[in-house]
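Asks: Pulled from Swiss-Prot, these are the listed features:
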ACT_SITE  Arg207  active site
ACT_SITE  Glu236  active site
ACT_SITE  His253  active site, proton donor
BINDING   Ser45, Thr66, Tyr257  substrate binding site
BINDING   Asp146, Thr174, Asp231, Gly256  NAD(+) binding site
Amino acid sequence: MLIVADENIPLLDAFFAGFGEIRRVPGRSIDRATVEQADVLLVRSVTNVNRALLEGSKVRFVGTCTIGTDHLDLDYFNEAGITWSSAPGCNARGVVDYVLGSLMTLAEIEGVDLRERTYGVIGAGEVGGRLIKVLKGLGWNVKVCDPPRQAAEGGDYVSLEQIIAQCDVISLHTPLTRSGDGATWHLFDEQRLQQLKPGAWLINAARGPVVDNTALREVLLEREDLQAVLDVWEAEPQVDVSLAELCVLATPHIAGYSLDGKQRGTAQIYQAYCDFIGEPASIQLGDLLPAPWLSEVSLHADSDPAWALAMLCRGVYDPRRDDADFRRTLLGSVGEQRAAFDVLRKQYPSRREIEGLKVRIEGDSPALRQIVAALGAVAV
């Protein structure tokens, strides 16, 4: 059996070597010739898997080690009888850590108290839902916009217009959809960007085209009061350099790139494939994850809560390093920039999640206990 897989998927041998030959290919280079004789195709979001790629091939199972599925033609899969699986929630915590690290950096730059801001989360799925839980756990004022969930479940949701009018911080966590009433392509167009509150922060760690990049560039040039954090780009791996230069933080689509998240994605696809072939899963991710480099932190009960929160978040993940690495690649030609975008992702250093961090509090501090619980860290 032949398994064609994106070369950047971790733990391929550990999970899939027992099933057959693994052929590793750069994700953007996977084409019809590559998959023609493949039985299984394993991809990430950089590979569009559709009729043009698969028709006439032997592929019967497609797995994407990502939360999103906008790069998969699910209608064609159903028509062709191809079983598929994504990895819902696999990197959700990594994205939450990215947003938290970004908030800590913005607060330091702007000199603001994060407790006094109003937060708007657009999209309450795997990522947005976890972020909402953390922010509310910290006792912060959070408003949520998710029209599909509101229609299906009811609940305490607000409109997009209310988010824009009332929120100081807006974090985007929607899938990318191009048609229908809930289309998210260019959800933030020039009109909505112009309507942002004075001094608002906009964070996009969802999909690049959710924000009109050209419009955002023009609005940032006009309104110096706004701050933008972008991890995703409309034409990636090509990046609008002039837009990146206007962002307070700019990174190459690595928000969810925690080691835990990447390996969790492979584990979920492995489980799905075992279900597909009717065999029990014999390999467990917990047996493969290495020990985190930062495993335990001690805080004195007298520690300032705002300082402790920033220290815990940025101790696990500080986006400024990724921002600096990314900006260095923007000095080359367009071709060099495109290549560097993928190199940064392929060679991304090991990064762990805050949920694996043990926190010891010396003495009694309800405020610190609240922070540790909200972050999902382990109190010891």
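The backbone N, Cα and C atoms fix where each Cβ goes, and this holds for glycine too.
A quick note: this is a predicted structure, and the numbers were derived from the prediction, not measured.
Burial and contacts for the listed features, if you can.
Replies: Using a 10 Å Cβ-Cβ cutoff, Arg207 (active site) registers 24 neighbours.
Within the same chain, the residues at least 6 positions away from Glu236 (active site) whose Cβ sits under 8 Å from its Cβ are Gly208, Pro252, His253, Phe341, listed in sequence order.
The local packing around His253 (active site, proton donor), expressed as other Cβ atoms within 10 Å of its Cβ over all shown chains, amounts to 23. Classification of His253 (active site, proton donor) by DSSP places it in coil, neither helical nor stranded.
Thr66 (substrate binding site) falls within neither a helix nor a strand when secondary structure is assigned with DSSP, and so counts as coil.
Neighbour density for Asp146 (NAD(+) binding site): within 10 A of its CB lie 24 other CB atoms from the protein chains shown. According to DSSP, Asp146 (NAD(+) binding site) is assigned to coil rather than to any helix or strand.
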Asks: Around the substrate site formed by Ser45, Thr66, Tyr257, which additional residues qualify by having Cβ within 8 Å of the site's Cβ center?
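Replies: Same chain, not in Ser45, Thr66, Tyr257, Cβ within 8 Å: Arg44, Cys65, Ile67, Gly68, Asn91, His253, Gly256, Gly265.
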Asks: Roughly how many Å lie between the Cα atoms of Arg207 (active site) and Thr174 (NAD(+) binding site), rounded to a whole value?
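Replies: If we compare the Cα positions of Arg207 (active site) and Thr174 (NAD(+) binding site), the gap is 7 Å.
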Asks: Nearest by CA distance to Ser45 (substrate binding site): which of the binding-site residues is it, out of Asp146, Thr174, Asp231, Gly256?
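Replies: For Ser45 (substrate binding site), the closest Cα among Asp146, Thr174, Asp231, Gly256 is found at Gly256.
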Asks: Fill in the CA-CA distance, Gly256 (NAD(+) binding site) to Thr66 (substrate binding site), as an integer in Å.
Replies: 9
Asks: When DSSP states are folded down to helix, strand and coil, where does Ser45 (substrate binding site) land?
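Replies: In the DSSP reduction, Ser45 (substrate binding site) maps to coil.
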Asks: Whole-number Å only: compute the distance from the Cα of Thr174 (NAD(+) binding site) to the Cα of Thr66 (substrate binding site).
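Replies: Rounded to the nearest whole number, the Cα-Cα distance is 14 Å.
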